[in-house]
Amino acid sequence: MAEPREESEPLLSRTRGGSARHFPAGVPSCHSVQVGPGAVARRDLCLDQAAVFIEDAIQYRSINHRVDARSLWLYRWYYSSTSQWILSFTTFLILALAFIETPSSLTSTSDVRYRPAPWEPPCGLTEGVEALCLLVFAADVSVKSYLVGWAQFRKNPWLLAYLVVLLVSLLDWTVSLSLICQEPVRVRRLLRPFFLMQSSSMMKKTLKCIRWSLPEMASVGLLLAAHLGLFTVLAMLLLPCEKRCHVRSQDDRRDRQRLTYFRNLPEALTSLLVLLTTANSPDVMIPAYSKNRLYAIFFIAFTLIGSLFLMNLLTAVIYNQFRGYLMKSLQTSLLRRCLGIRAAYKVLSSMTAEGEAHPEGVGVKPQDFLQVLQKVQLDRDHKQAIAEKLRSRSGDLLSADKFQKLFDEFDRRVIKEHPPRPEYQSPFLQSAQFLFGHHYFDYLGNLMALGNLVTICVFLVLDADVLPEDRDDFVLGILNCVFILYYLLEMLLKVFALGLRRYLVSSSNVFDGLLTAVLLVLEISTLAVHRFPHPGWKPEALGLLSLWDMTRLVNVFIAFRFLRIIPSMELMAVVASTILDLIKNMRAFGGILVGVYYIFAIIGIILFRGVIVPPGNSSLAPDNGSAPCGSFEQLEYWTNNFDDFAAALVTLWDVMVVNNWQVFLDAFRRYAGPWSKIYFVLWWLVSSVIWVNLLLALILENFLHKWDRRSHLQSLTGDLEATSEVTVELLFRDVLEEPTEEELTEKLSHHPHLQLCR
């Protein structure tokens, strides 16, 4: 099973080909634990090594790191939750500095017409926080370099880049202090997303897959560019000619509108590029179409070929190629897991006890494995599941195959046993318990929630044109009281039927209970302030909130409570679980998007800060009344600018959505120059074309996997609760190739820091 060399060089790796027979001086081994003064220490070392290898397998980490006692302590401390939380918080902190640094985003609005002068931090404040962050990152790279060894550190491109980014950032930080924070450009701000990227192996895999997919994307992109260029030339040949033929007609106004989109080659290219995203359709077609209906053929053909065929073909290529390259990367993750498990097996199988030697490869003692399992950083439920699976197996020693199968429990959602229902002696109470514990009682609750939401919608429609002070909320207030009392009664009856502990096991019940408690508190507060509903009940302003405000707040929580129906509807439940899985596994894709947003926002600030000026301050900024219809000024897009980091992020988001993005192209062309189009087109390609299509690929894979797995489990067992949590690694697990025994043995034989009997 061959793999690319890039994938065989993980973050904490040694180059292949090095022999495990060449050990650094003083690195202990545990393959010959015997009776003696050091026997206990060597046994503990073996157990620690096995525990760390298992943790590496769980987290898909490389096992090629130092394994002596001191290094193992440092390694486990580095990957502890506290240490990783410190690194994550430091990364967040250094990225968040962009909101406070000059130009500061600490204003209530980004509208250039009304924005006050922002508070600017004194020189040295943000620089001091940044220095602390850089020191943490310096410690991080130092620990990594020690754990992998300096020789391998020099061969790892990510770690080398980490060191270079730190050095450049420190140099630029020194320049800032030397110039008293008056430097025109801070280069280190562009490098900050690297700290986020290097913290996740999945982000690095995703970036590598995007890089490998670029040639295939470029092939379709060139075809798309040829299509765009051909139709641009055709537009210049057809539309201006029509203008010249009718220059003396009475329809000069429509001709001038036509020249707005096709007056020269760059404008024609921009208009058709925007039309490719359908953002200016049918505006760009109407002037020519109003002159001659045959021009519709040109625009329909362009949209049909470009938007409906080539753009969707690009989506298919990105989906297919990225999926293929991602699978190659995930193949390495599977190899890392298998290597970690096999390394733990080799270490444990090489142990001896009380001077009694066992031939290596015979197996692992269950008591040794259980002792290691207690050392592993794993939640208690999974530990119990693995221990129970171990006890269910017969035999004294665990073979390599049995040892491997024990770890299948890592990827399963542990199903906790529900607490027993309370037992009642009275036949009446038993009947009531059966009635209120039945799932039909849940259906009744869903029906009541739907009825409550419908009543709210009816009153919103009826009171749409009535001022708040003129509304009579008597009927709605009574209905809300009735429904909230029913929700309270339903909760109490469920607690009676299921018992408090069993009731709290279900997340749906906890959701219902919390919202019911909140609604009850709000309703009691409303009654305490505004009394019981009665005819002529007016929303007088008493206390902190008026009656209408409190009613709206109650209705908001009632609308949220309606979400309880999701688990009851099968297809909706599958879609909702797919969304939840995506949220859990969006760190890699979301992190890359954050990094791209960050870089483009900083570049936008450098290029376009201050170019958008309020009306009256420049001839380029006419008043709204004199501005052309649909222009930046007429639409009052003054909040979309690059004068600070927060405003830049919102502007980039508006462009990524591509609705009316031609307005931004035109405005920044006038305010900054025609070269600004390059920036916005690049942003459209990166965000809207590449990243959105990658997200679409992930959504499709996740949903199809969930749907197929659901159908398969239903056909076999009818049990939907036995499904595994879908991670990116597990998403493709069924199609990945398990590493062979020879490959695992060869990899372990070249481990740079571990000595095993061979």
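Every residue, even glycine, has its Cβ placed from backbone N, Cα and C.
Bear in mind that the values here come from a model prediction, so they are computed numbers and not experimental data.
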- Per TrEMBL, the transmembrane segment among 40-59, 120-139, 260-279 spans residues 260-279
- Task: Please work out whether the transmembrane segment (588-612) lies in contact with the transmembrane segment (474-493), by counting C-beta pairs under 8 angstroms that are 6 or more apart in sequence and asking whether there are at least 3.
- Result: no
- With the transmembrane segment (678-700) as the reference, which stretch in 77-100, 159-180, 294-319, 443-462 has the largest tally of C-beta pairs below 8 Å? 294-319
